[in-house]
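Peer 1: Here it is, the structure in full.
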Amino acid sequence: MTNASLVATFILAGLAHAPELDTFLFGSFLVIYVLTVVGNLLIMLVIIMDPHLHTPMYYFLSNLSFIDMWYCTVTVPKMLMTLVSPEGSPISFPSCVAQLYSFHFLGSTECFLYTVMSYDRFLAISYPLRYASMMNGRTCVLLATTTWLSGSLHSAVQTTLTFRLPFCGPNLIQHYFCDAPPILKLACVDTSTVEMVIFVNIGVVASGCFLLIVLSYVSIVHSILKIRTSEGRWRAFQTCASHCTVVLCFFVPCVFIYLRPGSKDAMDRIVAVFYTVMTPLLNPVVYTLRNKEVKKALLRLKDKVVHFQSK
């Protein structure tokens with residue numbers, strides 16, 4: 001792919017902001033990044049160590065935490081570097097390729113995983129007596145593996161389409177990470193066909209996943225309304241509320257950036273913050289503060305640590 005390009009290094013422009021906000025933004029995003037990594041690591045640790053959480057729901061949640069931890073790691077460190085460098089942060093051509101591939105790989109895998117998680121909740125609520133046999137260990141591994149492989153294939157298509165083009169002129173990327181829309185603007189040839197293919201590719205994945213998620217939750221609501229007790233209905237709604245919150249925060253900004261005609265650099269960069277920085281942070285916040293089982297598991301883990309230290 002690099003043989004077609006004369007550009008050896010790109011420059012990431014970073015977020016559009018007033019220079020006096022550099023220190024504030026750097027500190028804010030650094031704190032968010034640390035909280036995101038630590039929070040998702042903690043979720044994975046609790047799920048692995050607590051036998052009470054060895055269920056399909058938490059198996060998929062541990063996958064989500066792993067994705068989110070690396071998802072923000074792909075973009076946030078480079079964003080921080082743009083905030084300490086007024087001229088922008090340089091990134092080599094191979095590193096830009098790797099960043100775009102990793103970003104779309106993790107992002108599309110998360111998209112597929114949200115779909116699998118909604119299907120898991122549909123089975124748990126609609127078929128409680130058959131759930132254990134329908135969502136057994138082998139099925140969970142198969143579904144998770146499929147999401148990772150599908151994400152890898154989707155990202156390979158995006159990356160190949162983007163970097164097979166020649167780049168021989170400007171090298172300033174109007175973004176804080178390497179993404180397809182701002183990179184295509186730097187190509188030396190007409191990119192309308194490539195843009196359309198990428199648009200359709202992302203559109204099919206995003207709309208397909210979102211449609212399946214909506215169908216799952218329509219079925220879930222229908223099943224919840226059949227529950228006779230108000231306490232049972234409330235418990236079922238709580239189980240799904242956190243998933244719906246994170247799904248909306250992930251899909252809405254993605255649709256705004258990738259599935260609309262035209263592109264405004266400054267606005268796209270601001271909106272991208274929601275799904276590259278905020279959504280990975282929402283995962284540990286929503287799934288721990290709103291989940292009694294995880295809270296109890298955290299307390300049990302704390303007791304184990306205190307007991308171990310007292311010996």
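Backbone N, Cα and C define each Cβ position, glycine as well.
Bear in mind that TrEMBL entries carry predicted annotations, made automatically and left uncurated.
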Peer 1: Taking 140-157, 176-193 as the choices, which stretch does TrEMBL tie to transmembrane segment?
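Peer 2: Of 140-157, 176-193, TrEMBL gives transmembrane segment for 140-157.
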Peer 1: Same-chain Cβ contacts of the transmembrane segment (196-220) under 8 Å, 6 or more residues past its ends?
Peer 2: 108, 111-112, 114-115, 118-119, 121-122, 125-126, 154, 157-158, 161-162, 180, 184, 236, 240, 244, 247, 251, 254-255, 258-259
Peer 1: Mean pLDDT for the domain 'G-protein coupled receptors family 1 profile' (39-287), as a whole number?
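Peer 2: Here the mean pLDDT over the domain 'G-protein coupled receptors family 1 profile' (39-287) amounts to 87.
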Peer 1: Quick one: do the transmembrane segment (140-157) and the transmembrane segment (60-80) have at least 3 Cβ pairs under 8 Å, skipping pairs fewer than 6 apart in sequence?
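Peer 2: Result for the transmembrane segment (140-157) with the transmembrane segment (60-80) is yes.
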